[in-house]
């Protein structure tokens with residue numbers, strides 16, 4: 001029988017349109033009807049058979065990177081993540097890659113198999129959702145470019161449900177404690193970089209890589225940002241005058257390790273993955289607690305999507321205060 005059910009899901013059509021000694025055609029389909037239709041068409045039009053696609057999944061990823069991924073801020077990171085997944089899945093041909101294969105891969109990855117480094121064995125569902133999005137984007141983009149003729153094999157695959165990530169911010173006492181440890185550290189640039197992050201909401205990499213050309217009087221302009229848009233943030237006279245004025249090019253040397261060391265000495269505990277990002281969270285949280293405008297905060301942080309900024313809305317002093325004034329019990333209480 002040329003059309004049969006696939007134990008892993010879906011249907012398989014396998015036939016030899018040019019006889020038993022001719023080339024075999026084997027394709028997977030979501031429904032039996034699609035498989036039968038393909039069988040009928042191929043038998044009736046054997047000469048129209050397309051050349052067999054022997055590209056590996058890795059070759060597709062590399063085609064995507066050359067045509068589109070290279071323009072993305074995290075394009076290389078995506079490419080390397082997909083290369084690793086390709087190796088873990090047994091280096092499949094692109095035509096054999098499907099949702100079942102990726103599902104088995106991510107199940108094992110969640111259990112600590114297929115680790116990319118000895119430092120981190122198990123990965124979070126959020127990380128695997130990113131990898132799913134990466135592969136989907138590859139097939140979507142190559143389809144738009146005419147480099148992939150089939151359907152997106154992951155189009156119906158759902159991402160894992162994840163809890164909203166905990167965001168920690170520092171209190172005034174913790175900020176003072178942290179700045180004190182940074183001041184005592186022997187790295188000459190550490191305290192200044194931390195102050196820039198706390199004063200402007202900058203990402204660590206944006207502050208650490210700051211160049212002289214990005215400074216104007218009482219202003220810092222961040223370039224080459226994650227959102228690919230420049231943004232200018234005002235700073236105090238005190239902070240401006242503390243910045244080096246005798247350097248050309250980059251103002252600070254790398255101090256990530258020094259920050260980790262200073263933070264450890266404070267005893268402040270943070271959720272995983274929020275080592276330097278806590279400074280950005282702290283800026284945003286205090287901005288809203290002090291009555292800041294959410295739209296202004298969006299521009300300062302450089303968020304392209306307001307939903308990212310709305311995570312900080314609950315810090316506003318009057319956040320959801322209307323719930324007290326507009327709930328139905330108010331009318332009943334006032335009528336007594």
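For all residues, glycine too, the Cβ spot is worked out from N, Cα and C.
Sequence annotations record features per position, and here Swiss-Prot assigns domain 'Core-binding (CB)' to 55-143. Taking DSSP states H, G and I as helix and E and B as strand, the domain 'Core-binding (CB)' (55-143) has 62 helix, 2 strand, 25 coil.
If you look up Swiss-Prot, you'll see 165-325 marked as domain 'Tyr recombinase'. Predicted-model confidence for the domain 'Tyr recombinase' (165-325) is 91, expressed as mean pLDDT.
The active site annotation in Swiss-Prot covers 203 (among others) and is backed by sequence analysis. When Cβ atoms from all protein chains are considered, those within 10 Å of residue 203 (active site) total 18, not counting its own.
Long-range neighbours of residue 226 (active site) (same chain, six or more residues apart, CB within less than 8 Å of its CB): 73, 203, 302. Taken from Swiss-Prot, the feature active site applies to 226 (among others).
Classification of residue 277 (active site) by DSSP places it within a helix. In sequence order, 203, 204 make up the list of same-chain residues 6 or more apart from residue 277 (active site) whose Cβ falls under 8 Å from its Cβ. Among the features that Swiss-Prot reports, active site is placed at 277 (among others).
Non-local contacts of residue 280 (active site) by the CB criterion (under 8 A, 6+ apart in sequence, same chain) comprise 197, 201, 202, 203, 301. The active site annotation in Swiss-Prot covers 280 (among others).
Residue 303 (active site) counts 17 other C-beta atoms within 10 Å of its own C-beta, drawing on all protein chains shown. The active site annotation in Swiss-Prot covers 303 (among others), and the record cites sequence analysis as its basis.
All protein chains shown were included, and the count of other CB atoms within 10 Å of the CB of residue 312 (active site, O-(3'-phospho-DNA)-tyrosine intermediate) stands at 24. What Swiss-Prot lists as active site, O-(3'-phospho-DNA)-tyrosine intermediate is 312, and the listing cites sequence analysis.
According to DSSP, residue 312 (active site, O-(3'-phospho-DNA)-tyrosine intermediate) sits within a helical segment. When the Cα atoms are compared, residue 303 (active site) and residue 312 (active site, O-(3'-phospho-DNA)-tyrosine intermediate) turn out to be 12 Å apart.
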